Structures are given as C-alpha cells and as structure tokens.
Amino acid sequence: MTTIYLIRHAEAEGNLFRRAQGHWNGKITERGKKQIDALAERFRDIHIDAVYSSDLDRTVETAGAILRGRNLELHKTERLREICMGVWEGQPWGELSYRYPEEMYKFNNDIEHWAVPGSESFESVQRRITGAILDIAAENEGRTVAVVSHGMAIKIFLMGALGLTSENAMMHGDNTSVSLLHVDGSKIDVEYYNDNSHLGELSTFAKQVWWRDTKKEDMTSLRFEPLDPKRDADAAFYLRCYRDSWVVAHGSDSGFVSSVYLSSARSHAAKSPGCLLKVMSGSTPAGVLELDPRRGREDGCGWISLLYLLPEYRSHGLGVQLIGCAAAYFDALGRRALRLHVAVTNEHAIGFYEHYGFRRLRTDAGVSSEQYLMERPI
C-alpha cells in the first residue's frame, strides 16, 4: 500500500486576479508564498519518500514546501496538470460569468457536462489524474509520497475515488489544502480531503465569497469592456471617475482640468485600442481602468494612468482585479513591470498598492502635490 498526500498548489495570480487558470502559467502570489511556508511547517515532521507535481510553475513552487529540508528530487509530469479551459484560459471570471452563464453554472455545479471550445473533458481529466495517481502509487509501493496538483483536477479525481457525481460532489479545495489517500493496487481509500487547517488567516477562501454559493451569479468577479470617450455617456462617466479619484488623492478638485484629461483619454483610446476600459460588475459600471502603453516603454514597463472603483465597490477586495487586468494587458506586450504615480498624501492608495506588490522607486513632482513613482513586477 502507498500513502499519498494530494495537495493543491498555493495561491497564484489567477486566484488573486480572479482569472481562469487551467494551463495558463500564473505566478505564486505573496500570500501564496506564506501559504507555502505554512504547508512546510505542516509537513515538517512527516516522513516523505518522494515528491511529484505538475509541470506548471505554481505546483512546482508549492512542492518546494515538501522538498524543504529533504534531500529529494522533484518529479514533474504533465499528467498532474489542471483541466485545460480552452478559450476560457486567462480570461476574467466576471467576463466568463457574463458571456457564458450556462457554461459557468455547469463549471461550478455540473463539471461532468461542462465544455467550451478547446477545453478538456471531465472524463479525460479523470482518466489522466487517476492514472497518474495509480502509477505513482505503483512506483512507490510501501512508501509515503506527496503529490501537488490543481483545484479542479483534484476535485475530479476525488469524485471518481469517492464515487460522487456533480449532484453530491464536494466543493473546491482551498489553496494548499491536503487530501490523504491510501492506495493498494487499483483500490483508493480517502482518509480525508481538502483539509486547510494549517492556513488560518492565510486562507484564500476566507478572503473570497464566490465559492460559498456557486448557484448564484458571482457579482464579486469583475469584467472589463472598452470605454469610448467619444460617446457622451462614456465621457461623462470617465470624467466623473477621474474627478473623484483626484479629490480623494488631493483633497479637492483644484488643478483638475476636465478638457485636458478627456483629450488625453481620447488620444490614448485612438492610438492604443483596449487601453481605456470600463470596469463592470455584471452589466453595471463599477469603475475605470486607463492604461498607457507608450509611457514607460523604454524601461520595459506598462503605465497605469487611472485605476478607479466607485465608492460602493471599494473595501471588498475587488481592486486587485484591475491590477490583474493591467498585468495581463502589458504581459501580452512583453513588459516586465507595472508603474504608476500616487500622491504622497494618499495613504490609503499607497497601502493598497504596497499590499499588492508595488514598491516606491522615487518621489516626483506632480500638478497638485508630490507623487511616489511605484512599480510592481509582472
């Protein structure tokens, strides 16, 4: 018999930015790194003979928790990868929920019948993951093994091992959650599954609500659509958002010249389609994201000119999705980092950006006050 600890990867960019990450190779987040430390502590006194993971970066880095302090080799295999999401890969969950409501419902509640163009089927994933687990067990008879894989892949495997269907399946496991298996030949016993007791306040799920009722529309995952500053309604919304952002940063609208900023926005939109976006919660406007692909280009950076959410959407952990959208936009252009200015007096914004990985580079002069130049790697 082989004992297998089946582990989901730590929090990665797709989890944080609320974007579909199947084979999309997102990086581990700062919280994810702390989760890896907690996972390493959980396994510190557990004997492990071998460690396996998928070949994607988020599982490889998570497997480092088990390798820590052990003279073991990491065995990487594509067979432990997440389900391939086809045309959904890398897209915001809010956009997918809005454009594909029936498919999204199936993905969350009836994965056996979910399919989109280019995606992998439930049956294919179950055969692939189960086959990999059984082969690993056969190669390690009488030993204890750690296997690091992905959320939906693990769920699909557990459904097969426990004889479950979509009607009675368990929910998704948290990042770095652990399932304990005992494998004897083709017989798989599950002692426990999706245990995240080592995480405490580091839990990703504790910070999110989408998973608590997957049958309801998820209004906490945002989407993005082009904002046309030549249209009166869009121009008015843009100026409303920019003015409020200015007041929050500087204490008044002194120095805010509507015509200057609207002209700049129109120029950006004309020269770089897709850089001026209306942030949407379902069909309701929630904010504005303005990007400038020309500014900072010589340093390999992408510039965020405006990152704004309406007051009712703040303090709910949604702002990071705008950072994720900017990162995806500039990553496609081959940029290495995001940059922006923030007023030195805007302590709330400074704290927000630093929390999500921005650091201060220098202090620059601004129109109404000094500004920090801040940068975050992509």
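Cβ atoms are placed via backbone N, Cα and C, with glycine included.
According to TrEMBL, the protein carries these features:
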ACT_SITE  HIS9  active site, tele-phosphohistidine intermediate
ACT_SITE  GLU82  active site, proton donor/acceptor
BINDING   ARG8, HIS9, ALA10, GLU11, ALA12, GLU13, GLY14, ASN15, ARG58  substrate binding site
DOMAIN    222-378  domain 'N-acetyltransferase'
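Taken together, the residues of the domain 'N-acetyltransferase' (222-378) have an average pLDDT of 95. A C-beta separation below 8 Å, combined with a sequence spacing of at least six in one chain, links ARG58 (substrate binding site) to HIS9, ALA10, ALA12, GLN21, ASN25, GLY26, LYS27, ILE28, GLY32. Neighbour counts were taken as the number of other C-beta atoms within 10 angstroms of each residue's C-beta; across the binding-site residues ALA10, ALA12, the minimum falls on ALA12.
When other Cβ atoms within 10 Å of the Cβ of the residue listed as 'active site, tele-phosphohistidine intermediate' are tallied across all protein chains shown, the result is 32. Proximity of GLY14 (substrate binding site) to non-local residues of its own chain (separation of 6 or more, Cβ distance below 8 Å) is seen for ALA20, GLN21, TRP24, GLY26, GLY90, given in sequence order. Same-chain residues that are not part of ARG8, HIS9, ALA10, GLU11, ALA12, GLU13, GLY14, ASN15, ARG58 yet have a Cβ within 8 Å of the Cβ center of the substrate site turn out to be LEU16, GLN21, GLY26, ILE28, THR29, GLY32, THR62, ASN175, THR204. Distance between Cα atoms for ARG8 (substrate binding site) and GLU82 (active site, proton donor/acceptor): 10 Å, as a whole number. The number of other Cβ atoms within 10 Å of the Cβ belonging to ARG8 (substrate binding site), over all protein chains shown, comes to 30. For the substrate site listed in the record, the two most distant Cα atoms among ARG8, HIS9, ALA10, GLU11, ALA12, GLU13, GLY14, ASN15, ARG58 lie 14 Å apart. In the shown protein chains, 27 other C-beta atoms lie within 10 A of the C-beta of the residue listed as 'active site, proton donor/acceptor'.
Mapped onto three states, the DSSP output places ARG58 (substrate binding site) in helix.
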